[in-house]
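Peer 1: So that we are looking at the same thing, I have put the structure below in structure tokens.
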Amino acid sequence: MTPDQVIVALDVPDLPKAIALVDRLPGVGFWKVGLELFVGAGPVILAELKDRGKRIFLDLKFHDIPNTMLGACLSASRYEVDLLTLHATAGSQALTLAAQAMAPLPHPPKLLAITLLTSIGDRQLREELQQPLAVDDYVNAMARLARNAGIDGAVCSPQEVAKLRQTCGPEFLLVTPGVRPLWSAPGDQQRVMIPAQAIAAGANYVVIGRPITADPSPEAAWERLCQDLAV
């Protein structure tokens, strides 16, 4: 595993904090911009990242009726980001429309389907969402739905990676946010694994946020992570 397979979550509320963090970590080449930062800073953060030669995972998790999802994906594609998320539970029509719309674009983002948030475990899936399937079966079903609709990949926890790699094949991108180094706390994610294990299981990229960005010394935390990956 190499640092190029690590996407660092830029989970800060505004542009000045985001730029300060990016400039403190010049070795990070791939950043995730989520709802908090995109709403707080607007698309200018994407321009700032591109000006610095960074790759961008725009994690806005679109979930709406098919035509609205289509329009949102087309609007987001103008930013020329690398990865863009949408919920698989929007259904096959919405997913297919989005995938077909990206195909003719000169610089389309890879579309990733959200299968199930990594904060949700079996009990919540069963009792709160009233879903009788176990987490791994539900995630597998959502990933198959996305693949069959022409979506490029999926976001899933590391526990589901190996099964999805078998089910969806080698070309299907798998990005997992539920990873944390051994030296960090698990936070609010329930389905976690260390980065190297997730890659070995078949993930293309891992997403790591607070273990790096919330550390008193993000530079030292990033260096420690890179040392872990080299072992």
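Including glycine, each Cβ sits where the backbone N, Cα and C put it.
Annotations per Swiss-Prot:
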{"type": "ACT_SITE", "residues": "Lys61", "note": "active site, proton donor"}
{"type": "BINDING", "residues": "Asp11, Lys32, 59-68, Thr118, Arg180, Gln189, 209-210", "note": "substrate binding site"}
Peer 1: To the nearest whole angstrom, state the Cα distance for the pair Gly209 (substrate binding site) and Lys61 (active site, proton donor).
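Peer 2: That separation, Cα to Cα, works out to 17 Å.
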Peer 1: Could you round the CA separation between Lys61 (active site, proton donor) and Thr118 (substrate binding site) to a whole angstrom and send it over?
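Peer 2: Here the two Cα atoms lie 13 Å apart.
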Peer 1: Reduce the DSSP letter at His63 (substrate binding site) to three states and note it down.
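Peer 2: Its secondary structure by DSSP: coil.
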